[in-house]
Amino acid sequence: MLSHQSEKMSLMLTAKNHSIPLSDGNRIPIIGLGTYGDPRTTPKGTARECVKLAIDVGYRQFDGALVYFNEHEVGQAIREKITDGTVRREDIFYCGKLWSTFHPPELVRPALERTLKTLQLDYVDLYIIELPMAFKPGDEFFPKDKNGKCIYHETDLCATWEALEACKDAGLTKSLGVSNFNQRQLELILNKSGLKHRPVSNQVECHPYFTQPKLLEFCRQNDIVVVGYSPLGTSRDASWVNLKCPPLLEDEVLVSIGKKYNKSPAQVALRFNIQRGVVVIPKSFNPQRITKNFQIFDFSLTDDEMKLMEGLNKNIRFVELLMWSDHPEYPFHDDY
């Protein structure tokens, strides 16, 4: 169910002032730009131009990762907009991610320092464990054996977390979080003896067809902000997307609510999540969509419309990560 606090907070958000509190005293903008683009098909310079446009539009959060292979462009765009006086560094919220080949504690800080060097920034605002599954350390981000199967590594999430805590203490990141963690994996960190810094966020798939009610409630109870990736569904790439899930943005409920407010189904889907207190990070390298996705602060959904949209939940993921489903820490076996 929607918490009254989240609803009240969402109604106070504006294009100019749309950040919400994190449990460590920092704040996170409730909408950000996802910056993933297939490096094989995305033209060079695309991420840089789109991040600069997004800053001009009003975005202040950018979600990136070392394995996106474009952090240098994202960092360059942020630095250029700081240099031209559009924003200050403290206005920008950058989320970086620890990839699965860097889980051993001694590799955590070097991985974060590599991201900082690539971005040419002194710190990130949030650094998260991208997946609760460790892969074999080394130069390959996706290590495979001779049969093409991913080579896993023993996972010790608590040891990895302690190394992340040291990074926060050293000032390399302002906040710490996780991604794709289920309740059991979150509890592993929360119940760790000697826990110094709690995870402030959990980035997971979240949209009207996959509303995550159980996980959302658990996170609320533990003061963990849910950051929703694929908030508009995903591309229809059969290599990693579950095509059994119908295209979200063609849903009749989203279309009809959109007509009432003169908004697109995408804008309605994003508004739905921010009214639940869920941070959204829609990915787009299309200038028109980047602009439109941000235009969600000039209308609000009624309680009845929110209930109607909650009823769309099909409990089906677009992003199943089935290629790693035999990993001992594969997160989607457990009931959220």
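In case you wondered, yes, glycine gets a Cβ from its N, Cα and C as well.
If you look up TrEMBL, you'll see Y68 marked as active site, proton donor. Close to Y68 (active site, proton donor) in the fold, though at least 6 residues off in sequence, lie T35, Y36, G37, P39, each with a CB less than 8 Å from its CB.
Counting every protein chain shown, the number of other Cβ atoms lying within 10 Å of the Cβ of H153 (substrate binding site) is 17. Feature annotation from TrEMBL assigns substrate binding site to H153.
As annotated by TrEMBL, domain 'NADP-dependent oxidoreductase' applies to 31-313.
Summarising the annotation, TrEMBL assigns site 'Lowers pKa of active site Tyr' to K97. Within 10 Å of the C-beta of K97 (site 'Lowers pKa of active site Tyr') we count 27 further C-beta atoms, all protein chains included.
In this structure, the C-alpha atom of K97 (site 'Lowers pKa of active site Tyr') lies 18 angstrom from that of H153 (substrate binding site).
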